[in-house]
Amino acid sequence: MARGRIRSKLRLSLLYTFGCLRPATLEGQDSQPIQGPGFSRTVFCNQPHMHKKKPLRYRSNYVSTTRYNLITFFPKSLYEQFHRAANLYFLVAAILSVFPLSPFNKWSMIAPLVFVVGLSMLKEALEDWRRFMQDVKINARKTCVHKSDGVFRQRKWKKVSVGDIVKVEKDEFFPADLLLLSSSYEDGICYVETMNLDGETNLKVKRSLEVSLPLDDDESFKNFMATIRCEDPNPNLYTFVGNLEFERQTFPLDPSQILLRDSKLRNTTYVYGVVVFTGFDTKVMQNSTKSPSKRSRIERTMDYIIYTLLVLLILISCISSSGFAWETEFHMPKMWYLRPGEPIDFTNPINPIYAGVVHLITALLLYGYLIPISLYVSIEVVKVWQASFINQDLHMYDDESGVPANARTSNLNEELGQVHTILSDKTGTLTCNQMDFLKCSIAGTSYGVRSSEVEVAAAKQMAVDLEEHGEISSTPQSQTKVYGTWDSSRTQEIEVEGDNNYNTPRAPIKGFGFEDNRLMNGNWLRESQPNDILQFFRILAICHTAIPELNEETGKYTYEAESPDEASFLAAAREFGFEFFKRTQSSVFIRERFSGSGQIIEREYKVLNLLEFTSKRKRMTVIVRDEEGQILLLCKGADSIIFERLAKNGKTYLGPTTRHLTEYGEAGLRTLALAYRKLDEDEYAAWNSEFLKAKTSIGSDRDELLETGADMIEKELILIGATAVEDKLQKGVPQCIDKLAQAGLKLWVLTGDKMETAINIGFACSLLRQGMRQICITSMNSEGGSQDSKRVVKENILNQLTKAVQMVKLEKDPHAAFALIIDGKTLTYALEDDMKYQFLALAVDCASVICCRVSPKQKALVVRLVKEGTGKTTLAIGDGANDVGMIQEADIGVGISGVEGMQAVMASDFSIAQFRFLERLLVVHGHWCYKRIAQMICYFFYKNIAFGLTLFYFEAFTGFSGQSVYNDYYLLLFNVVLTSLPVIALGVFEQDVSSEICLQFPALYQQGTKNLFFDWSRILGWMCNGVYASLVIFFLNIGIIYSQAFRDNGQTADMDAVGTTMFTCIIWAANVQIALTMSHFTWIQHVLIWGSIGMWYLFVAIYSMMPPSYSGNIYRILDEILAPAPIYWMATLLVTVAAVLPYVAHIAFQRFLNPLDHHIIQEIKYYGRDIEDARLWTRERTKAREKTKIGFTARVDAKIRHLRSKLNKKQSNLSHFSAQDAMSPRSL
């Protein structure tokens, strides 16, 4: 790493800084007043005692990321648990169960609730305990703090206060947000790693103010005192506004002097800093907001099912209470032995209405088993297992980066199987974000003969098309190379050369893919405009914020740059002979080599001002003074921004440069324009004075003042040229897009790149293809910002949308494909309320949608429009900080762990290392998780309806007595133990088809998108199946057992024998039903299903052997009453078969007469080549993929249609000529 010299002797006269980062002191200037709210923080440096009383008492440095503490855990956690309707119902039921009205023992209601809620609370507690232990570890870290008289002592982080002077040493984390005062380097710079903040691994350089450089050792802080007035705490990591008041002077502060908590000091021995923000006031803690809470569609539907069952529960409870009131009034007087006349009795026939109301409470408790109490906790367990399978899938592990897939939340697993629209970023997502400098335009001449991947792919396609038409001759591939660019809207000549003088093969260089001998090895000196080329190279080498690092093995410098583009520019400058090798606070140093002779000249450029690149400015400017004393302004930025700032005499190369930029964009390259101007001393001094005033202001208008100041100097530029770097497609992107298209998914691309670049990347990854009609919606240029001009532009866009919608709707060719392309400026109008639904209507009818030049906010707005306008599940995928908004807005957010940092990953629900892994995440895991959760929930409701309604039938059968036919311990174990494990196995291990089949038949994914397994017809079907099973279980058992000689001594079965027999049938029916539901068995499923049945027999055997004081009427019920009775075993077999018979009949009917796709595939897989019905093979081959108009497969289909058309036309012509020959006299 390039470093400044370690301190030996300070030479302040040689120390300067970037003007925008370290302006000169303003003599005699008073501190600026605090301007309004948001800028009220005052920090007394080295005087922490000043901050112990209000209003200057700020937060401590103790941080806690836990959700609970010892006092709040139980109330807050219980509140979270009883937000769920089912848990709230069971809480009320458990409370009522302690009263005499309850038909159950109170523990049969309380124990399951305590178990389920306790399990969930235990999970919350464990997660919070992990967070607490992490907090303890962080708060106990130690750092050196100035106590007094120049003495520093170790102190825990949590005891660091605002105003403390802190000394941080190499590889230590910063304990709070600090203002950098000095460092071990004489020029006051330090290197900081911010991976914990933004995930970026490249080091950032920080620079102290010049005035604080003498504070270079412990003793220097003995009498140090200063005041900081700055902004209030806020979450913006990249801004800071404030002033330092020191020695009666005011110095402006900005982000380059701020060291943020949780970033690490690297490659610097030590730094001194003063604490500005502590604890939750630090920027990292201000950013620790939670991602928006997301719930899957299945979970939301599940709530409605719960409400439906609650309505059913209330309905049958009302029926039961009405029946009881009837019985009380008309039949109870005859039952004298019940002593119904007592006033306190609930069965008093004098007041049947009161008796019915009281019985309603009993009925609500009795039928509560219709609501599955263990549903929520079972789903949580299953989703955690599913997420672990996603995390451990080796097919989604990236060998190059060593990064696996990561399910950051388990709440949305099943939502992965219902995605309708994917909205993707381009750079770093579809492309690698590893830039190669490929071409450039200098002084109106284009350099660089190497073709981009997009050009090669396009030229190959065009060569094939032209060869078919006989327009070019075949040339051996080994002797051809394609030059020039390709335009999708017009046909160009393809130049084929076997040899050329522009290129000499060389070893690959990272970031530099340029090939053109005209600029290499000093050959540029022989070009027609060598001075302009020299200026171009110097802009590349000087206009940046990178840090050089010497590679000792190669002897070359590599660069820690803020973006891959910047690193590629520096690599290009180095290869052209202009090597950036050193940076200090005041200067950059360049080694210039003008020819192949090896002569090297080292030059120093004093950096006077640096106006950094932002997404709003879209440009970067450096003002330097060269060794001759000339002040130069060097600027690079988006072509649209640079061109509008050109001087009249600076447009000499505007025409050819514009043409080259268009060609580069069509080749899929990222472009920037380069310009410069010379400044005289007076002009610079006047501007710098005004700019410093803007820098020292504190207030909400500071950014506006700075922008105005930058505009004052960034004008009258002279255009020198443009750069073109290639951002290659990631591995497997075209194949992944093709597979997703075959699965029926729609893909939108949202990018900040220009339209030409986005279009050609679209062609490269098969989102666009030849023959696809491109609908480009653009806004016409309008001067001024008046309401009238905006109205005209809006009407023009609306007119374009209307015409496009009509064109698409009137298209009769079923194979016609449309692509919608719109830029950010136009999108601003298209997203307004009165136009957005017309835009959406057009977009959903197009095969692909590409939005260019869009801002991060527009990305999020587009996602919101698609999500709310279509009502379908949306997935947003990106890799950068500018993608966070759309990732959080989408139903599912997927982050890619790329070189742009980890902000997208930290905001996402799932993260993957490469876009290509999205195919497996959705088509395999999404499909599996959707079907597992859907079947699991349906089965839960089936078994609880089947069980709960038997209580209602028995209630009616016994005169609405409010009596349960089952022992309380049976009820206790039913949901929690005896039927819970098999359903968890279903949710975790079920596979209707294997992963290979999912990828081979991607159209299976549409089962989730169409919600085939969790629509209301499927849900009601399972409910009806549960109702049928309950009828069979109750009435068949009653019919078999009631009034029959059950025991060998002629005794009939009592209530407990009937209840135990019915419960046995329920356990068998429920577990056999889930066995029939499963398509994929492992030994785990067998153990859990048949083990649950065995567990029932084991329980009842042990329980019935206990003394009567514990077992009550169940004493010896299995070995003495049920087991010896053949009718018990016959009833179990008969009832179980009858209960599952309709499901077996339904499946048989469906598989034979109306099979679903996975049924056919299962038979194909099972029978292999012995399958007799060849129609099934043909059917599944044609249905293996959804009909799509994008992707490589769509290209192939279009080509096949084209060939068939030509063949049919040829055959038609031959038939015509044959008929003419037959009719000719010669043939006669």
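Glycine is no exception: its Cβ is also placed from the backbone N, Cα and C atoms.
Lifted from Swiss-Prot, the feature list:
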type: ACT_SITE; residues: Asp425; note: active site, 4-aspartylphosphate intermediate
type: BINDING; residues: Asp879, Asp883; note: Mg(2+) binding site
type: TOPO_DOM; residues: 1-74; note: topological domain 'Cytoplasmic'
type: TOPO_DOM; residues: 97-100; note: topological domain 'Extracellular'
type: TOPO_DOM; residues: 124-305; note: topological domain 'Cytoplasmic'
type: TOPO_DOM; residues: 328-359; note: topological domain 'Extracellular'
type: TOPO_DOM; residues: 378-934; note: topological domain 'Cytoplasmic'
type: TOPO_DOM; residues: 955-968; note: topological domain 'Extracellular'
type: TOPO_DOM; residues: 989-1018; note: topological domain 'Cytoplasmic'
type: TOPO_DOM; residues: 1042-1054; note: topological domain 'Extracellular'
type: TOPO_DOM; residues: 1078-1083; note: topological domain 'Cytoplasmic'
type: TOPO_DOM; residues: 1105-1117; note: topological domain 'Extracellular'
type: TOPO_DOM; residues: 1147-1228; note: topological domain 'Cytoplasmic'
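Cβ contacts within 10 Å of Asp879 (Mg(2+) binding site), excluding its own Cβ and spanning all protein chains shown: 32. Of the recorded residues, Asp879 (Mg(2+) binding site) and the residue listed as 'active site, 4-aspartylphosphate intermediate' place their C-alpha atoms 8 Å from one another. Remote same-chain residues near the topological domain 'Extracellular' (955-968) are listed as 103-105, 107-108, 320-321, 323-324, 327, 331, 359, 362-363, 366, 1038, 1055-1056, 1058-1060, 1062-1063, 1112-1114 (criterion: CB distance under 8 Å, separation of at least six residues from the stretch ends).
Cβ atoms under 8 Å from those of the topological domain 'Extracellular' (97-100) belong to residues 106, 108-110, 365 of the same chain, restricted to positions at least 6 beyond its ends. Over the topological domain 'Extracellular' (1105-1117), the average per-residue pLDDT in this prediction is 85. Sequence-distant contacts of the residue listed as 'active site, 4-aspartylphosphate intermediate', defined by Cβ-Cβ distance under 8 angstroms and a gap of at least six in the same chain, are Val749, Leu750, Thr751, Lys859, Ile877, Gly878, Asp879, Gly880, Asn882, Asp883, Met886. For the topological domain 'Cytoplasmic' (1078-1083), residue counts in helix, strand and coil come to 1 helix, 0 strand, 5 coil, using DSSP.
Counting same-chain residues at least six beyond the ends of the topological domain 'Cytoplasmic' (1078-1083), those with a Cβ under 8 angstroms from any Cβ of the stretch are 986, 989-993, 1158, 1162. In the three-state DSSP classification, Asp883 (Mg(2+) binding site) falls within a helix. In the three-state DSSP scheme, Asp425 (active site, 4-aspartylphosphate intermediate) falls into the coil class. Neighbours of Asp883 (Mg(2+) binding site), defined as other CB atoms within 10 A of its CB across all chains, total 31. Beyond its flanks by at least six residues, the topological domain 'Extracellular' (1105-1117) meets 967, 1054-1057, 1060 of its own chain at Cβ-Cβ distances under 8 Å. Residues 297-298, 301, 395, 417-420, 739-740, 742-745, 872-873, 919-920, 922-924, 926-928, 930-932, 934-935, 937-938, 1078-1080, 1082, 1084-1085, 1156-1158, 1161-1162, 1165, 1180, 1183-1186 of the same chain sit 6 or more residues outside the topological domain 'Cytoplasmic' (989-1018) yet have a Cβ under 8 Å from a Cβ within it.
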